[in-house]
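Participant: Would you mind keeping the following structure in view while I ask a few things?
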Amino acid sequence: MIKQEKIHKVLIVDDHTILREGLCQLINSTPGMSVCGTAKNAHEGFELIEKTQPDLVLVDISLPGKSGLELIKDIHAVYPDIAIFVLSMHEESLYAERVLRAGARGYLMKSEGGEKLIAAIQKVMAGGISVSDQVANRILQGVSGKRKALSISPIEALSDREFEVFQLIGKGYGSRQIAEQLSLSVKTVEAYRASIKQKLYLKSGPQLVHYAISWQQSQTNSVDSNTLPTNN
């Protein structure tokens, strides 16, 4: 009797329709993999996990409403055996360590090709962790205490929640909008803003807004968010 190859089920959570369709085509054409569902936001994605029972969830960081980072934490807390892989437009050096701490096991930028994505997913499916050598070395240096404090960006000093607030400030959100987006009180958001200013060595609210907007624009311009992974 011929032993059938296990088909690994993948759930895709990304708010770009064209990218979701491209990922579906790429994954479904790969032996041993099948897309079991797609979602455009964190709420839909989390609900689909119970229905589809995926082996791996492919998550984008920038999602409408609850962020991909918060979704990763939710999935890891409730479904610790499900592998989580992040495919994002943002630079790996800024996000990879955060998503690994949250429970993800891999990170790849959307500007990379389809073959690299499939290889990374297969590595994670096999129980490994997939990040660039640069990020792996940074993590090892941090663990061993050899990482130089001067090489760490001030942004990295922000907690995950402060980082989310900072991103929303960069998108032009006011405190009340941020509070609604993150389900926090305005007073709590103001406390986060004060902490962010202190950690980034900024003296005023307008300085924080200018800094955050400039940073957000640099991130948006650095990578095309609609890059499609394709087989070469």
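Glycine too: its Cβ is placed from the backbone N, Cα and C atoms.
Note that TrEMBL annotation is computational and uncurated.
Copied straight from TrEMBL:
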type    : residues : note
DOMAIN  : 9-125    : domain 'Response regulatory'
DOMAIN  : 151-216  : domain 'HTH luxR-type'
MOD_RES : Asp60    : 4-aspartylphosphate
Participant: CB neighbours of Asp60 (4-aspartylphosphate) within 10 A?
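Facilitator: The answer is 26.
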Participant: Can you work out the mean pLDDT of the predicted model over the domain 'HTH luxR-type' (151-216)?
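Facilitator: A mean pLDDT of 90 is what the model gives the domain 'HTH luxR-type' (151-216).
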